[in-house]
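Trainee: Got a structure for you, questions after.
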Amino acid sequence: MISDPPKSRDWWPALEDLRLKDTAVVILNTSIENPPKLVRHLWNNSWLRVTVDGGTNQWHSFVKQNSFDDLKFPDLITGDLDSANPAVVEQFVSMGSKIIPTPSQDETDFTKALKEVKKYSAKNCKSIDSIIVMVNMCHRVDHFLSNLNTLYKSKTKDLYFNEDIYLLGRNSLTWLLQAGTHRIHVPQSLRLHPENNYVGFFPMGSACNVCTTTGLKWNLSGTLMEMGGLTSSSNTFNGEPIVTITNSSPLLWTMTMGYEESF
């Protein structure tokens with residue numbers, strides 16, 4: 001069960017506006033297909049930069065493919081390192097990266113990386129607000145579902161994080177809405193072209209007995225949501241600046257971001 005009591009939250013999903021000095025960026029083993037200028041902005045200005053196993057290769061490829069001359073090296077390289085190219089790892093170590101092997105096969109590299117972020121921030125007496133995780137949201141269904149499972153577990157008693165954890169796909173942003181009332185501040189670029197931007201929200205862990213929304217093209221009013229029953233996909237914004245969601249149990253929220261337009 002989710003350990004936090006119901007709460008009220010505001011969310012501003014324009015990542016370029018996050019307080020990056022209080023943010024960690026984690027790269028899993030996925031091709032980095034976000035706009036390069038956005039990636040550079042998030043990476044260079046975050047407090048902590050982590051590549052996870054094969055994500056180290058992906059970051060090395062991104063550096064080679066782009067002409068930026070100011071990209072920082074990873075602070076930490078974690079994982080069981082079965083997918084990381086040893087020559088690439090050694091190159092980053094020579095630049096100052098620290099290797100933290102996490103060989104256990106009882107948890108995913110993603111889960112283990114989150115734990116290392118928590119240890120590192122505690123060791124440095126640093127409180128972080130957000131963790132942005134670059135993930136593959138397609139191709140491997142098992143990886144996709146595993147990432148969602150880790151996201152859900154991050155708010156349970158076994159693996160609890162106060163930080164907001166965002167899954168950043170190619171042009172999508174996904175995070176967990178715990179039980180409570182949420183106000184999602186919609187970027188203006190998305191409100192202007194709702195036909196090109198989609199949202200979805202799905203119950204996580206159990207049925208959501210009561211869900212009420214405003215600000216969407218298709219809103220819910222005290223509705224039961226459950227797998228095998230009603231979920232919301234291919235929904236979109238109705239032009240209002242704020243989407244509100246009141247949910248009795250956790251929901252997964254996902255939305256397209258239109259980064260190509262702003263970066």
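Cβ atoms here come from the backbone N, Cα and C positions, even for glycine.
The domain 'Thiamin pyrophosphokinase thiamin-binding' feature in TrEMBL is assigned to 180-251.
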Trainee: With DSSP, how much of the domain 'Thiamin pyrophosphokinase thiamin-binding' (180-251) is helix, how much strand and how much coil, in residues?
Mentor: 8 helix, 34 strand, 30 coil
Trainee: For the domain 'Thiamin pyrophosphokinase thiamin-binding' (180-251), provide the mean pLDDT of the predicted model.
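Mentor: 94, rounded to a whole number.
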